[in-house]
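Trainee: Have a look at this one before I ask anything.
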Amino acid sequence: MQRLIPVLNSDHVPLHLISVINTLLTAAKEISHRLHQGSLAGTLGSTLDANIQGEVQKKLDVVSNQLIKNMLLETGLVHAVASEEEDDVVMGNPDAKYLVAYDPLDGSSNIDINGAVGTIFTILEKPDHPAEGTELFLQTGDEQLAAGYILYGPSTLLVMTTGRGVRVFTLDHTVGEFLLTVDKITIPQDTQEFGINMSNQRFWLPPMQQYIADLLAGSTGPRKKDFNMRWNAAMVSDVHRILTRSGIFSYPMDYKDPKKPCKLRLLYEAMPMSFLMEQAGGRSSTGYERIMSIQPTHIHQRVSVIMGSRNEVDTCLGYFKQHPCTRPDSI
Ligand code: AFP
């Protein structure tokens with residue numbers, strides 16, 4: 001099986017970009033080890049602090065964030081990093097050209113129940129025009145150079161793209177190398193499986209309520225086929241299921257907390273996952289627009305997410321067209 005570096009070389013990925021990706025994976029190997037140690041590593045449980053998102057930080061959120069940030073900045077190849085766990089952008093080498101935005105431990109509410117969690121990352125280039133701080137990262141998803149996630153499950157997987165399709169690498173713990181195990185992912189265009197947090201159903205916009213109601217009606221309803229549901233409460237795990245066997249995943253905007261109508265973050269969750277979805281032949285939308293086209297206005301901006309098998313996402317988007325409701329400003 002091929003190791004990561006020769007594969008990225010064959011994809012004509014610049015050497016310094018390969019180094020940045022490899023550094024992320026060095027941090028990921030340490031995170032994987034600490035997760036698999038569980039209680040023995042003394043890093044389960046929560047801290048007494050909350051991040052800028054207002055979420056209580058798990059001890060491993062903090063540890064993972066520090067590991068990734070420090071290792072990336074030590075390379076001298078990174079101009080700045082943005083993280084779910086950092087209020088602001090952290091500047092690196094002013095002469096370097098790569099920007100890295102990441103969610104160090106997505107799904108961290110699963111840590112204490114031994115559930116799957118992951119690291120999500122996207123790599124951008126410092127813009128040609130003068131820009132500082134958060135402005136550096138305000139680029140559309142189409143500007144991404146590379147994106148992916150490391151899924152810490154029964155096996156530790158790297159799923160990534162540099163714009164030439166989606167590949168899967170599996171960590172061989174015996175030699176500490178990520179080895180190519182899937183050369184190219186193509187998502188089936190149709191599906192019978194959906195992922196959404198049903199407890200928010202009464203807060204969704206009417207088009208999403210109607211779309212999901214028709215899925216639940218199954219073969220007795222307008223879709224004339226039954227659907228299965230899965231919800232892992234970790235985007236990395238739900239997205240990996242879709243990349244592996246089809247599906248549609250959504251965390252739509254809802255009126256549960258008017259101050260926070262959307263949950264998922266655009267820069268370091270929705271954008272990288274949308275890059276993977278489109279590279280694998282899928283679709284990714286807010287319900288009103290392609291996520292990869294959105295011009296971010298803030299590094300912690302949230303967005304409504306509907307992504308997965310192309311034909312199923314198009315069917316869902318049809319409900320937003322058929323049931324026009326006033327488009328909320330927030331999505
Ligand atoms: P945490 O990292 O706080 O566990 O949140 C994970 C997440 O951002 C995303 O990975 C999941 O799809 C979504 O939240 C789950 O949200 P609910 O807990 O509301 O289902």
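Using the three backbone atoms N, Cα and C, a Cβ is placed for every residue, glycine included.
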Trainee: Which candidate from GLU269, GLU278, GLU289 does TrEMBL annotate alongside ASP103, ASP106 at the Mg(2+) 2 binding site?
Mentor: GLU269
Trainee: TrEMBL has ASP103, LEU105 binding Mg(2+) 1. Which one of GLU84, GLU85, GLU125 is in the same site?
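Mentor: For the Mg(2+) 1 site that includes ASP103, LEU105, TrEMBL also lists GLU84.
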Trainee: Name the one residue among LYS29, LYS260, LYS263 that TrEMBL lists for the same substrate site as ASP106, GLY107, SER108, SER109, ASN197.
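Mentor: Candidate listed by TrEMBL for the same site: LYS263.
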Trainee: I'd like to verify something. Among the binding-site residues GLU84, ASP103, ASP106, GLY107, SER109, which ones have a C-beta closer than 6 angstroms to some atom of ligand 1?
Mentor: ASP106, GLY107, SER109
Trainee: Taking 10 A as the limit, how many CB atoms besides its own sit near the CB of LEU105 (Mg(2+) 1 binding site)?
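Mentor: Total other Cβ atoms inside 10 Å, all chains included: 28.
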Trainee: Using C-alpha atoms only, work out the spacing between LYS263 (substrate binding site) and ASP103 (Mg(2+) 1 binding site) and round it to an integer in Å.
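Mentor: Between the alpha carbons of LYS263 (substrate binding site) and ASP103 (Mg(2+) 1 binding site) there are 14 Å.
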Trainee: Among all protein chains shown, how many Cβ atoms are found within 10 Å of the Cβ of GLU84 (Mg(2+) 1 binding site), not counting that one?
Mentor: 25
Trainee: Express the distance between the Cα positions of ASP103 (Mg(2+) 1 binding site) and GLU269 (Mg(2+) 2 binding site) as a whole number of Å.
Mentor: 7
Trainee: Please compute the mean pLDDT of the model over the domain 'Fructose-1-6-bisphosphatase class I N-terminal' (17-181).
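Mentor: Computed over the domain 'Fructose-1-6-bisphosphatase class I N-terminal' (17-181), the mean pLDDT is 93 on the 0 to 100 scale.
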Trainee: Cα of ASP106 (Mg(2+) 2 binding site) to Cα of GLU84 (Mg(2+) 1 binding site): how many Å, rounded?
Mentor: 9
